[in-house]
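Only one structure is covered here, and it is reproduced in the block below.
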Amino acid sequence: MWKFWLCFGAVFLSCSGYTWPLPDQLSAAQQRELKELQQDVETEIEELCCQNELKRCCVEKKKSLAQRNMEEWEGLIDSLKELKSTPDEEEAIKWLEEYNEELRQRNVRNAEANWAQATNITDENAAKVVEVTLEVTKWSLKKMEEAKKFDTSGFSDDVKRQFKMITTSGSLSDEDKQRQLAEIGTELEKIYSTGTVCQADGTCLKLDPDLEGIIAKSRDYDRLTWAWLSWRDAVGPPMKDKYAQWVALLNEGAQENGFADKGVLWRGAYEMPDGKLEEMVDAVWEQVKPLYTQLHAYVRRKLSEKYGADKVSTTGHIPAHLFGNMWAQQWNNIYDIVVPFPDQPEIDVSDTMVEQGYDALRMFKTAEEFFKSIGLRPMPQTFWDKSMLTRPDDREVVCHGSAWDFYHLPGDTDVRIKMCTKVNQEDLYVIHHEMGHIEYFLTYEDQKTLYRGGANPGFHEAVGDTIALSVNTPGHLKKIGLLQNVGHNQDFEINELLKMALAKVAFLPFGLMIDKWRWRVFSGDITPDNYNTGWWNLRMKYQGIKPPVERTNKDFDPGAKYHIPSGTPYIRYFFSFIAQFQFHQALCKEAGHDGPLHKCDIYESKAAGTKLKNMLSMGESRPWPEAMKAITGQEKLDPSAILKYFEPLEKWLREQNKDEKLGWD
Ligand SMILES: *[C@@H]1O[C@H](CO)[C@@H](O)[C@H](O)[C@H]1NC(C)=O
Ligand SMILES: [Zn+2]
C-alpha cells in the first residue's frame, strides 16, 4: 500500500507512483467523491513537494509531507463517512455478512430435510419438511423487516442487489396459512410421486419406470391410450382442489407483499420489467415456430402412416399419447417410427450401452470424464457416497431427477444427484443435464450465499445440456466406444439432426405453454373451473396436439406433469433450450471448431472450459445479460444459434412437406 513519494526534479513532476487507499466498501458515489478529493490533495502535494523545493527533492522531506497529507486524507475519509451516512452502509455490510452465513446454514438444514423426504417418502419426513419450511419462512420474514430499515439509496450496487433479493418476498404473514401452504405443497408432490395405476390382473404400475416405459416402447394404440389416461386419472383429480387452494395461498402471499400475483414474482427471477419476459419468449417463439411447424407436419404424416388416418389425421392436431413421452414434451422415443433413412447406421446407443454392461455408476463416470476434460471439477468423494443414483426398492422416493447443493463451505463440499437411472441414451443425457447443475454449484461455491444461484434459472438448466450437445454427436459417441459406424453422408446427417430435433425442437412449445398456463392461473385469467380446458387450449394452440379422449374440467391433466404439483417454474426450460445453442456455438468457436455446428464436440478443449467457467463463477451476482455476454459476447436470448444448428434439417423438411398442409388450425 505505502509507496514512497518521489519527485525526480523539474522534468518529472509527476506524483504518480503513490497509491491512495480507497476503502472498497464505500458506495460508488462516495468513491467518486473521494477520487475528486484525491486529485485536489495530489495537486497540493505536488506543489508543496516539488515546486516549492525548487526541484531538489529530498526523499525524507517528501516522505514526511506525504505522511502528513496521508493523515489529512484519512481524516477526510473519516469525516466523509460520518457526513454521508456511511456508517449505515458499513453496518449494512456487516449485517449482510451475518445474513449470508445464517442463510447458508439454514439452507443446509432445508436441503437435508428435503433430501430425506425426496429419497424416502414417509409421513415423518414430510412433517419435518413442513417444519423446516415454516422455520425458513419465519426467519426470512424477520430478516426482511430488519433489511427494510436500511436506507439503501446511497449504497453501492452490490449491497443494493443483496437487499433487493432479501426484500423481494411472497411470504404470507399468517402462520396458519404458512403451514397450510407448506402442507399442501408436500401433499401435492406426494400424490405425484407415489401415484400408481393398477391393472385388471391386480398388478400395479408406477410412473417411472412402468408407465413411462409403456408410453416409450409400446406401439399399440389402445395400450398407449390406457397408459396415458390411467396416469392422468390416477393423480389429476385428487390434486385439483388442493392445487386451487395452493394457488390462492401463493397469490395471497404475493399480494400481501405488494405484487399483483405470484406469477409476477416468478417472472421477477429474470430481472426484467413485468411483461418484458413474456414479450421476449413470444418473440423467440415466433422465430422458431416455422421450424417446429415443419417438424410437426413431418411427424404427423409418419404417425398417420403408422396408426392409420382414422387415428391420426394428416391435417389437424396430433393425439398426445403417440410421441413416446407421457407429456409429448420430447419425441425422441419414436425416432424408430419417423427415421428418415432407416438404412443408415444406427445412432441410438441404448442397446450398445446395455451390451457393454453399462450401469448407473459407469454412466455418471462417463459424464464426469467429459466435464473434467474441459477443465471443470471432478465430483467430490461425498457426491459418490451420498447421491441416489438408482431407484431403491425398499422405500418410496421422488424419482424425478434433480441436483442438490447442500451449501457447504468450499473445502467441505456436499453436492448430490437424485435420480432413478436406467441404462439408455436418454438417461445418459439426463445425467449430463444434472451434472451441469452440480458443476455450476461447484464453480460458484465461494460466492456469497445469496449469489449461489444461476444468472437466471434458465442458465442453470442450460449448462449440462450444452455439454450434452457435444456428447451426443456421433463423432463423440464413437470416440467413447458407443458407436461403431458413423456415416459421412447427407442421409446420415439428416437422421442425426432429426433425432436431435425430436428432443430439442419438439420441446419448445411445451416449454413455453406450461408457464403460460400458470401465469394465467395466477393472474386469474384461468379459474379452477377452467383449469383443464385452459390447459388443453394452450396444448392445442402451441404444440398442435390434442387429448386422445375427451377431457373435461373434472380432470386435472396439468397435475400429471411433475413441475405442476412440485411448483417448479418452467419458463426456465424454454430459455435453456434456446440459450444452450448460443452457449454451444460460443464454446465451439472458443474450441476452434470448424464446420457445421451440429458436428462440434468441445471434448478436451480447455479454452472452451475456461470460457464456460468464467460465466459459471459469476453465479447470481450480476443480471443475466452480463453472464450471457461473458460467454457469448451478446446480451440477448437469441434463437439464431438453434436455427443455424438445424438449418440443413429445416431445408430437408421443407422439401418433404411441400405437399403437406402445414399447421393445425
Ligand atoms: C426413512 O425414514 C424413516 C423415518 O420416517 C426412517 O426411520 C428410516 O430409517 C428411513 N429409511 C432410510 C433407508 O433412510
Ligand atoms: Zn435441471
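Our numbering is plain: 1 for the first residue shown, then up by one each step along the chain.
Quick reminder: no glycine exception, Cβ is built from N, Cα and C everywhere.
If you check TrEMBL, you get these features:
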- GLU434: active site, proton acceptor 2 (ACT_SITE)
- GLU434: active site, proton acceptor 1 (ACT_SITE)
- HIS563: active site, proton donor 1 (ACT_SITE)
- HIS563: active site, proton donor 2 (ACT_SITE)
- TYR270, ARG572: chloride binding site (BINDING)
- HIS433, HIS437, GLU461: Zn(2+) 1 binding site (BINDING)
- HIS433, HIS437, GLU461: Zn(2+) 2 binding site (BINDING)
- 27-83: coiled coil (COILED)
- CYS198-CYS204: disulfide bond (DISULFID)
- CYS399-CYS420: disulfide bond (DISULFID)
- CYS588-CYS600: disulfide bond (DISULFID)
- ASN120: N-linked glycosylation site (CARBOHYD)
- 1-21: signal peptide (SIGNAL)
CB neighbours of TYR270 (chloride binding site) within 10 A? 23
List the Cα distance (Å, whole number) between HIS437 (Zn(2+) 1 binding site) and CYS600 (disulfide bond). 22
Spatially, which candidate from the recorded positions HIS433, GLU434, GLU461, HIS563, ARG572 is nearest to CYS600 (disulfide bond), comparing Cα atoms? HIS433
CA pair HIS563 (active site, proton donor 1) / CYS420 (disulfide bond), Å rounded to integer, equals 17
Quick one: of the recorded positions TYR270, CYS420, GLU434, which has its CA closest to the CA of CYS588 (disulfide bond)? GLU434
Under a criterion of Cβ-Cβ distance under 8 Å and sequence separation of at least 6, what residues of the same chain contact CYS198 (disulfide bond)? CYS204, LEU205
So which recorded positions are near ARG572 (chloride binding site), with CA atoms within 10 Å, out of ASN120, CYS399, CYS420, HIS433, GLU434? none
Neighbourhood of the Zn(2+) 2 site (HIS433, HIS437, GLU461): other residues with Cβ within 8 Å of the Cβ centroid, in order? ALA403, GLU434, GLY436, HIS460, ALA462, VAL463, GLY464, ASP465, SER576
Quick one: of the recorded positions ASN120, CYS420, HIS433, which has its CA closest to the CA of TYR270 (chloride binding site)? HIS433
Average the per-residue pLDDT over the coiled coil (27-83) and send me the rounded value. 61
Cα within 10 Å of GLU461 (Zn(2+) 1 binding site): which of the recorded positions CYS399, CYS420, GLU434 qualify? GLU434
Taking only the Cα atoms, work out how far the residue listed as 'N-linked glycosylation site' lies from CYS399 (disulfide bond), in Å, as a whole number. 11
Can you tell which of the recorded positions (HIS563, ARG572) has the fewest other C-beta atoms within 10 angstroms of its C-beta? HIS563
Of CYS204, TYR270, CYS399, GLU461, ARG572, CYS600, which recorded positions come close to ligand 2, meaning Cβ under 6 Å from one of its atoms? GLU461
For CYS600 (disulfide bond), the three-state DSSP class is coil
Among ASN120, CYS204, CYS420, HIS433, which recorded positions lie by ligand 1, judged by Cβ under 6 Å to any atom? ASN120
So how many other Cβ atoms are close to GLU461 (Zn(2+) 1 binding site), meaning within 10 Å of its Cβ? 24
